[in-house]
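If you look up TrEMBL, you'll see B:His37 marked as active site, proton donor. Taken from TrEMBL, the feature ATP binding site applies to B:30-37, B:148-151, B:Val177, B:185-188. Annotation comment: TrEMBL describes B:Gln61, B:Gln154 as (R)-pantoate binding site. Per TrEMBL, beta-alanine binding site is recorded for B:Gln61.
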2 protein chains.
Amino acid sequence: MILCTDVKGLRKLVKDTGKKGKTIGLVPTMGALHEGHISLITACSRENDLTIVSIFVNPVQFGPNEDFDQYPRDLSGDCQKAEAAGADIIFTPDAGSLYPGKDMTWVETTGDIVKVLCGRTRPIHFRGVTTIIAKLFNITMPDKAYFGQKDAQQVEVIRKMVNDLFFDVELHIMPIVREQDGLAKSSRNIYLNKEERQSALVLYKSLKCAQSLFLQGEKNLQTICSAVHDMIAAEPLGSIEYVEAYLLPGLIPANEEFNGRALVAVAVRFGTTRLIDNVILGE
Amino acid sequence: MILCTDVKGLRKLVKDTGKKGKTIGLVPTMGALHEGHISLITACSRENDLTIVSIFVNPVQFGPNEDFDQYPRDLSGDCQKAEAAGADIIFTPDAGSLYPGKDMTWVETTGDIVKVLCGRTRPIHFRGVTTIIAKLFNITMPDKAYFGQKDAQQVEVIRKMVNDLFFDVELHIMPIVREQDGLAKSSRNIYLNKEERQSALVLYKSLKCAQSLFLQGEKNLQTICSAVHDMIAAEPLGSIEYVEAYLLPGLIPANEEFNGRALVAVAVRFGTTRLIDNVILGE
């Protein structure tokens with residue numbers, strides 16, 4: 001496995017690979033790799049000749065009061081895990097090489113798709129995400145890129161960016177990986193104390209409840225959201241940021257009964273830790 | 001020569017070319033091709049295996065009171081000229097395929113680079129330019145792209161976008177092509193009546209004067225701009241929008257005497273027609 005910190009060096013590796021007719025897969029991460037990331041790397045490695053894992057805690061997707069400084073970092077542990085999962089190249093650029101000055105070129109998706117859900121409290125987040133992903137796509141020229149369904153809104157926004165800007169990359173979205181007790185894997189789970197960790201199980205329980213209601217025939221997303229909301233609200237340590245549901249793809253509001261696929265997504269604080277989770281209803 | 005209106009079809013042609021190890025050159029235009037464009041196409045054709053000329057009057061780079069509707073269009077004439085100059089593919093997408101909805105993904109360069117010169121009166125112009133160029137780059141995957149020095153600020157903004165977003169494309173900037181009497185070739189020159197056309201010659205004369213002052217040893221850009229301004233102001237039919245000078249690359253202000261290269265750029269209205277022109281001082 002090659003550890004590459006340098007855009008030029010990576011670009012050369014990428015071009016040499018492309019010239020040989022081989023396929024490139026990209027797994028963009030912020031490090032602190034857990035089994036969710038590993039599932040992306042494993043799939044990428046299985047489906048591509050060259051697997052690039054980027055590890056970069058992207059400053060411009062964090063708001064001023066968010067956890068950029070505290071965000072967990074463990075490069076040597078990450079390298080071991082990524083290599084074991086099949087990574088060929090780890091790309092760890094420094095912020096100065098990706099953002100050399102204060103004036104920059106932003107890639108920004110507009111519309112309700114970035115305003116609902118996490119966009120309500122994280123107004124600059126998705127602009128930061130689309131900008132870094134555009135850079136990584138241009139640097140690594142992937143045939144396929146891998147993202148986790150855990151970040152459901154990110155998936156929809158990146159899908160829109162790819163379509164709007166005609167990036168020639170196939171998006172592969174991998175299912176949420178959970179702890180045995182149902183808590184979705186997240187680099188931020190380490191922030192939770194024991195009581196919060198226990199309390200946070202309500203997220204998965206409430207989403208399972210949404211799934212059950214749907215399977216029992218409930219097709220009104222407001223009704224489903226109310227049930228999820230009530231269940232989480234009954235948990236004293238949780239403070240709800242949102243419980244919302246939208247049609248997929250594109251996060252389209254549905255007032256009446258829905259057909260097709262819908263996303264039910266929640267964001268809840270346990271102490272100072274903000275967790276998100278979601279479930280997709282329908283096929 | 002192939003006329004292609006369809007993103008998918010073009011992408012297939014591009015991929016087949018890339019797979020054969022051939023190089024692709026892109027000349028993005030808004031049509032109404034004149035000798036300036038032809039010089040770009042000729043250079044592109046000489047330096048690449050496949051020359052793609054895009055013809056698309058990009059709605060999102062026009063302000064609400066600008067000349068989008070009136071902008072000259074002559075597809076059949078353009079095709080003949082482009083083919084004669086060596087174009088292999090003409091790409092003429094419709095607006096709906098490049099901008100399918102009102103919510104879109106913008107590519108936007110920020111900072112003084114888009115606020116000076118034309119940015120003062122055309123606040124959304126460069127966002128429209130960088131967005132369409134990013135789309136065209138992703139669709140055509142060019143090794144080299146050709147732009148005219150006439151649109152000097154556009155060149156600097158696109159250069160910054162390419163650097164910031166790591167587009168893997170070489171920019172080739174071709175010199176301004178002029179009429180025999182010195183008027184810079186422009187698709188908008190056809191708007192001028194006979195008196196305005198004559199009056200507009202002051203642009204080139206004033207920029208030649210800037211060049212002479214510089215060659216005589218003048219290194220203060222304010223002094224040079226004043227001379228250019230006075231010369232144009234003496235022309236009764238011209239109404240000055242700006243006469244400004246900045247260091248290259250990047251359009252950096254220079255208060256004192258400058259070293260290196262500087263751009264002196266003017267925008268002047270003759271009747272309802274807005275013309276721009278410029279000269280580069282230094283090597």
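Every residue, even glycine, has its Cβ placed from backbone N, Cα and C.
Curation does not apply to TrEMBL; its annotations are automatic.
TrEMBL feature annotations superimposed on the structure.
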residue: B:Met30; record: ATP binding site; Cβ within 10 Å: 20
residue: B:Leu33; record: ATP binding site; Cβ within 10 Å: 26
residue: B:Gly36; record: ATP binding site; Cβ within 10 Å: 21
residue: B:His37; record: active site, proton donor; Cβ within 10 Å: 26
residue: B:Gln61; record: (R)-pantoate binding site; Cβ within 10 Å: 21
residue: B:Gln149; record: ATP binding site; Cβ within 10 Å: 18
residue: B:Gln154; record: (R)-pantoate binding site; Cβ within 10 Å: 21
residue: B:Val177; record: ATP binding site; Cβ within 10 Å: 18
residue: B:Ser187; record: ATP binding site; Cβ within 10 Å: 19
Can you figure out which of B:His37, B:Gln61, B:Gln154 (the recorded positions) comes closest in space to B:Val177 (ATP binding site), comparing Cα atoms?
B:His37
Taking only the Cα atoms, work out how far B:Leu33 (ATP binding site) lies from B:Gln154 ((R)-pantoate binding site), in Å, as a whole number.
18
On a C-alpha basis, identify the one among B:His37, B:Gln61, B:Gln154 that is nearest to B:Ser187 (ATP binding site); the candidates are the recorded positions.
B:His37
Any idea what the Cα distance is from B:Gln149 (ATP binding site) over to B:Gln61 ((R)-pantoate binding site), rounded to a whole Å?
18
